[in-house]
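As recorded in Swiss-Prot:
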TRANSMEM  4-24  transmembrane segment
TRANSMEM  45-65  transmembrane segment
TRANSMEM  88-108  transmembrane segment
TRANSMEM  118-138  transmembrane segment
TRANSMEM  172-192  transmembrane segment
TRANSMEM  202-222  transmembrane segment
TRANSMEM  243-263  transmembrane segment
TRANSMEM  275-295  transmembrane segment
TRANSMEM  327-349  transmembrane segment
TRANSMEM  406-426  transmembrane segment
TRANSMEM  490-510  transmembrane segment
TRANSMEM  585-605  transmembrane segment
Amino acid sequence: MNYIFNLSYFMILLLLLYPLILPLCQKFFDKNLEKHTKWAIKLSFFISLIPLTLFIDQGIQTIIMNISWIHLPLFNINLSFKFDMYSIMFTSVALYVTWSILDFTSWYMYSDPNINRFFKYLLLFLITMILLVTANNMFQLFIGWEGVGIMSFLLIGWWYGRADANTAALQAVIYNRIGDIGLILSMIWLATNLNSWEMNQFMVLSKNLNLTIPLLGLILAATGKSAQFGLHPWLPSAMEGPTPVSALLHSSTMVVAGIFLLVRLNPLFQNNKEILTVCLCLGALTTLFTAICALTQNDIKKIIAFSTSSQLGLMMVTIGLNQPYLAFLHVCTHAFFKAMLFLCSGSIIHSLNNEQDIRKMGGLNNILPFTSSCMVLGSLALTGMPFLAGFFSKDAIIESLNTSYLNAWALILTLIATSFTAIYSLRLISFTMMGHPRFLPVSPINENHKLLKNPLKRLAYGSILAGFIITSNIPHNKSMIMTMPPLMKLMALLVTIVGLLLALELANLTTKQFKILPNMKMHNFSNMLGYYPPIIHRFLPKMSLKWGQTIATHTMDLNWYEKTGPKMTELNQKIIKIIHSPQKGVIKTYLTLSLLSIITLLVFFNLSLNHS
């Protein structure tokens with residue numbers, strides 16, 4: 001059995017590396033790199049189903065493969081791969097989603113002269129993520145962690161001729177570097193206190209230790225990578241990259257890496273109530289804040305980006321509930337409909353001549369029926385519509401939150417955010433699909449290409465069936481609550497319906513404005529992203545520079561200029577007085593100095609004679 005698992009993943013690794021290595025040997029191969037890359041991803045997906053089927057059929061828990069790598073007197077680092085429910089399931093989901101995204105990329109970026117290099121970057125992005133999820137030691141995980149960070153920088157800044165793209169890429173790196181500090185400090189603590197980076201070892205050795213400090217470092221790392229509140233601004237800014245990058249970044253690679261880190265290391269903090277409370281409150285604040293920001297955005301990609309951040313907050317809430325299985329389930333189901341939403345937005349942007357403002361769309365239901373249907377399906381799955389993929393994970397999370405007897409504040413914030421999800425999803429559909437067309441009549445509208453339709457079909461099937469298939473085949477790691485009041489059971493659906501009704505009512509109120517200049521404070525708060533970017537990116541740097549300049553100039557005025565100016569003259573006068581005081585023409589002074597000189601010489605000669 002171990003042989004089959006190891007062979008399957010070795011073949012997947014070879015297939016994924018094949019399009020990257022072969023162009024180095026054969027120059028003509030580079031012309032067909034796009035085709036070979038898609039075939040490699042497709043074959044890798046079907047091969048990944050072999051260990052997944054065996055895992056489900058045989059009821060296997062974990063298989064670990066170790067390869068000796070670095071040996072030191074007191075510390076060893078091995079190449080260690082862990083094949084369990086999390087890594088096997090996520091690998092298949094990531095390959096399936098990436099296969100669809102690469103097909104879409106062939107259509108979306110066909111005119112880009114560097115499309116082959118773009119495919120290589122996407123492939124490396126996927127490889128580093130698979131390395132991260134299969135890692136069984138912190139050093140190997142760190143390599144994958146930094147790999148997805150580097151590739152995100154290259155892909156977000158793909159159109160490097162645009163200043164906004166360069167700024168967004170740099171912003172992503174800086175915010176993630178803050179999170180990386182937490183991961184590095186946690187690794188240092190584990191190495192110095194437990195003398196091991198092997199996950200299985202330090203989970204056993206740390207049972208009687210206080211792990212609050214390293215766990216806070218891990219939360220900081222997840223906050224940066226998964227765009228939790230405080231380190232979240234890079235995620236909407238990352239929409240400056242090409243749409244396929246946004247789809248891959250938000251569905252199955254970088255942004256879920258932080259959540260996956262906490263899921264993988266959950267045994268470390270499942271009994272640490274303070275850390276679980278931090279995760280719960282951080283996730284609740286993130287999911288509500290980003291849902292509020294999504295309500296008034298007008299860029300179609302930024303609305304979907306903020307919805308991703310809101311769902312990541314929901315996953316963090318689930319970690320805080322000590323339910324890593326549900327967090328991982330939501331990661332898997334979320335990948336399908338979030339990738340589909342981004343591909344639909346890419347189709348709309350491409351058809352409307354690169355227009356991203358939803359106020360300049362409308363009436364696309366009749367013009368782009370297939371894209372519109374997939375967009376509606378993805379939005380319904382996002383809101384948790386019964387029996388779609390999002391329902392199976394989102395409903396279970398809300399149920400766990402309702403029955404947890406934990407923080408009521410976090411429960412209320414999460415329920416409000418769930419309601420807001422329905423509002424911004426309906427707003428997105430209303431502005432883009434309904435009403436009259438508000439775009440230029442000469443737009444190059446076309447959705448008949450197979451490289452557009454086939455990926456959307458595959459992701460649509462996943463958005464419908466993935467939740468049912470995953471929950472039916474993967475066992476729960478905790479006993480489920482079998483009975484609960486109907487109101488509690490239907491809470492997720494009820495708040496979604498309330499959100500839809502509220503959205504419709506707000507839409508009606510827009511034509512009934514009572515004041516010429518209405519009070520727009522809440523709208524401005526949402527539209528300006530809670531004033532977070534202006535404060536963090538403008539006000540604080542400006543104040544820092546101003547204080548630095550003030551301190552520098554005052555220091556020079558008070559010290560340097562004064563020391564070299566008036567005080568230097570005063571010092572010179574003192575020195576002149578000291579030198580001038582003996583030279584007053586008084587005979588007693590001269591005789592005293594001569595006598596002292598003679599006595600000094602006599603003492604010196606006397607000492608010299610005694611020594612000799």
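Counting begins at 1 with the first residue displayed.
The backbone N, Cα and C atoms fix where each Cβ goes, glycine too.
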Recorded stretch, among 4-24, 202-222, 243-263, 327-349, 406-426, maximising Cβ pairs under 8 Å relative to the transmembrane segment (490-510): 406-426
Annotated stretches the transmembrane segment (243-263) and the transmembrane segment (45-65) touching (3 or more Cβ pairs under 8 Å): no
Positions whose Cβ lies under 8 angstroms from the transmembrane segment (45-65), at least six residues beyond its ends: 1-2, 4-6, 8-9, 11-12, 15, 80-85, 88-89, 91-92, 95-96, 99, 136, 200, 473-474
Non-local residues, at least 6 beyond the ends, that sit with Cβ under 8 Å of the transmembrane segment (406-426): 277, 280-281, 283-285, 287-288, 291-292, 294-295, 297, 303, 306-307, 310, 313-314, 317, 320-321, 379-380, 382-384, 394, 398, 491-492, 495-500, 502-504, 506
Cβ contacts under 8 Å made by the transmembrane segment (585-605) with residues that lie 6+ beyond its boundaries: none
Same-chain residue ranges lying at least 6 outside the transmembrane segment (118-138) that approach it to Cβ under 8 Å: 9, 12-13, 16-17, 19-20, 33-34, 37, 40-41, 64, 66, 77-78, 80-83, 86-87, 90-91, 94-95, 98, 101-102, 105, 109, 112, 144-145, 147-148, 151-152, 154-155, 158, 186-187, 190, 197-200, 242, 244-245, 248, 252-254, 257, 260, 264
